[in-house]
Amino acid sequence: MPMRSLVTLPDPILREVSKPVEQVDTALQELADDMLETMYHAKGIGLAAIQIGIPLRMLVIDVSGNAEDTQKKPLVIINPEILWLSDERNVYKEGCLSIPDYFAEVERPKRLRVRYQNREGKQKEIEADDLLATCLQHEIDHLDGRLFIDYISRIKRDMVIRKFKKRAKEKNTQEAVL
């Protein structure tokens with residue numbers, strides 16, 4: 001299982017709307033394994049395919065908080081569709097593997113129900129609350145070209161985007177020198 005490179009802000013692919021998965025096959029299952037390995041290595045709890053540059057409606061999540069292989073409880077979610085969101089809301093301090101080292105409080109519905117296909121292509125539904133609900137919404141947002149910084153004030157969002165554009169420019173300058 002090769003680890004994949006993470007796409008980070010300001011890469012415009014993060015704003016693309018991902019396309020539905022047409023067929024669940026061995027290649028897609030291998031992609032799911034690569035995504036899980038990448039997510040665990042980066043110490044994340046969720047990863048959308050678009051975050052590794054693949055615009056497919058697919059994500060992986062593991063909010064178990066266990067670092068040991070025997071304790072992991074990964075979810076592979078293909079073509080997710082939110083069926084219901086609660087009126088009750090939660091606030092979590094969110095971060096993102098595509099926006100490293102930046103965190104902000106985001107308010108989202110506390111509970112939701114999602115229909116999806118699992119890694120074998122079987123239709124499933126999950127009802128989630130609290131951290132899992134927040135993580136599902138965060139990752140599904142990626143599939144629709146939205147980032148968690150879209151939920152913070154415009155001033156803060158613009159500041160974050162400028163910071164990451166500057167960081168990318170400095171990185172490109174350093175690479176050109178080498």
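Every residue gets a Cβ built from N, Cα and C, even glycine.
Copied from Swiss-Prot, the annotated features are:
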type     : residues        : note
BINDING  : C96, H138, H142 : Fe cation binding site
ACT_SITE : E139            : active site
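Everything Swiss-Prot records as a feature, shown here on the structure.
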{"residue": "C96", "record": "Fe cation binding site", "contacts (Cβ under 8 Å, 6+ apart)": "Y102, H138, L147, F148"}
{"residue": "E139", "record": "active site", "contacts (Cβ under 8 Å, 6+ apart)": "G46, L47, A48, L59, I61, I77"}
{"residue": "H142", "record": "Fe cation binding site", "contacts (Cβ under 8 Å, 6+ apart)": "L14, S18, A48, I50, Q51, L59, S98"}
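Residues C96, H138, H142 make up the record's Fe cation site, and a Cβ search at 8 Å around their centroid adds G46, A48, Q51, E94, L97, S98, E139, D141, L147, F148 from the same chain. Following the DSSP three-state reduction, the secondary structure of the residue listed as 'active site' is helix. The Cβ of H138 (Fe cation binding site) has 24 other Cβ atoms within 10 Å, all protein chains considered.
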